[in-house]
Amino acid sequence: MNLFDLSILPFLNLAQVVNESRVPNVPDLLSVLPALVLATGGVFLICLSVLFKTKEFIIVRYVSGLILLLAFAAVFYTSFRFPGNGFHFSGQIENSVLSFWLNLIYISMAIGTAAIVPRILKNHKIEFPEFYPLLLFATCGMTLMTTGQDFILVFVALELMSICLYILIGMARSDLFSLEATLKYFLLGSFSSGFMLMGIAFLFGGSGSTNITEALKPLTIAGYQGNFAKIGLVLFITGVAFKIALFPYHAWTPDAYEGALTPVTGYMSTAAKAASIGLLLILYTKLPLPLENSTWAWLPGILALCSMIYGNLLALKQENLKRMLAYSSIAHAGYVVAGISAGIKEEVLFYLIVYSFMSLGAFAILAYLEEGTRQVTFFSVQSLSGVKPLTAIAINIFFMSLAGVPPFGGFWAKLFLFQKLAESETLMNRILLIGGVTNSALALYYYLRIGIATFMSSDEGEISRNHAAPYSVGVTGVVLFCLLMVSVGWFLLVPGNLLALGELWLSSSIFR
């Protein structure tokens, strides 16, 4: 036997790797152009921060904004360049309408975060330029999570995002609470990564492939292959549930949200959550079996229902607004995952877009208000309307949208999602519909408390007494754009228009 005959090792598939050319061509590279721009830009920023050791790293800040804008444009270019659902890198990468919109969400949220954060870093005396490269690397991981069609690639991309977030949360090294939040998130995040890796191993054991479509095919087969695939998928979904912060895998969320710098919290609540939910959505669009009354509908459905109830009940008693938004994000994740369990795609995507903008806007205002106090609570914002009426109006618009009050975008996002659930006749979807409507009504209480505190309280809060910081250009721009999207901009992206616009851009021949 020839020991150098690689064909005797079919399990490792080394012969194919060695004998076939794996050099990517230009179309392959262009298919991941947004990720390439972000990754290359992150490395360039690290080099730039060494060359220009200015105290406030102004050059690094502006160059990072330029790179994010280039990445945003690269998403459109990639969509025009590869119309329709295209596969690249031997099926490892897929450019689709879904990945197009998700990538726009991630990069938009990163741009908003980069605009908000400079003055926050200055106020906390954080003089580390690494913040901006880490932001780019985390966003790069999100884009690869969305376009990746191989479990190994998806896992590596998810870990790239997670590791960057661990560091970003602990950026305020002098704050012990921030370090505690980092440790909790890191330990539980590592635990969830173990679940995902074990799930991938079982999926590979049942199918012999790590390609997502191929690995899920044994779900329809009886015997050990089907059982391996089922165990693997359950473990993988469990790991993703940690990242989404679904109940009961949510324990890291309140402390991580409160301990991190507020712009980082906003980025986690929007881009990172959208990336994890987007991964689950893509996974469920590739299931080779119907969802009606199946185990794969009940599993995320139960997690979604428990998340709605738990998140809203715990948010009721929170005084700190960041912790309240943390529990609120658990509830909102429940609403979105309820749609995924019902096989709904377009309404889930619309909900993610609207939620991202209203959440980012709320955190942008909290970041601004924190300049007058250590923590923003219900008591510290009392009588805010008397001192800063525009700020009080803006923050209440975002909270009313999060609560689902018409005519704001959050109301329509919930309405479209609940309408789709109502059209289904399955028991699980009916339960989720009742749970969603009931919990939305429950959420009104703690969101309306903000309006009462800011406009109707006779007491004067700490922020009303001490806050004298001027509006920054970055925060003002982000808040105004988010207000526009939440108030009227959502109309352009309603379900029916959303995928149609995506298909229109993907089918355009302007760059071909």
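Just so you know, glycine gets a Cβ as well, placed from its N, Cα and C.
If you look up Swiss-Prot, you'll see 32-52, 97-117, 126-146, 151-171, 186-206, 231-251, 264-284, 296-316, 348-368, 392-412, 431-451, 473-493 (among others) marked as transmembrane segment, on the strength of sequence analysis.
For the transmembrane segment (264-284), the neighbouring stretch richest in Cβ pairs under 8 Å, chosen from 32-52, 296-316, 348-368, 392-412, 431-451, is 348-368.
In this chain, the transmembrane segment (431-451) lies in contact with the transmembrane segment (296-316); the count of Cβ pairs under 8 Å, excluding pairs fewer than 6 apart in sequence, is at least 3. Panel annotation: around the transmembrane segment (186-206), residues 151-152, 155, 158-159, 162, 166, 215-216, 218, 224-229, 231-243, 249, 251-252 of the same chain, lying at least six beyond its termini, place a Cβ under 8 Å from a Cβ of the stretch.
Remote same-chain partners of the transmembrane segment (392-412), defined as residues 6 or more beyond its termini with a Cβ less than 8 Å from a stretch Cβ, comprise 328, 332, 354-355, 357-359, 361-362, 365-366, 381, 384-385, 440, 443-444, 447-448, 450-451, 454-455, 479, 482-483, 485-487, 489-490, 494. When Cβ-Cβ distances below 8 Å are used as the criterion, the transmembrane segment (151-171) is approached by residues 92, 121, 126, 128, 130-131, 134-135, 137-138, 140-145, 178-179, 181-182, 185-186, 189, 193, 196-197, 200, 203-204, 210-212, 215, 236, 243, 256, 259-261, 264, 267-268, 272, 275-276, 279 of the same chain, each at least six residues removed from its ends.
Listed as Cβ neighbours of the transmembrane segment (431-451) (distance under 8 Å, sequence separation of 6 or more from its ends, same chain) are residues 301, 304-305, 308-309, 312-313, 315-316, 318, 321, 324, 328, 331, 334-335, 338, 341-342, 378, 381, 395-396, 399-400, 402-405, 414, 417-418, 421-422.
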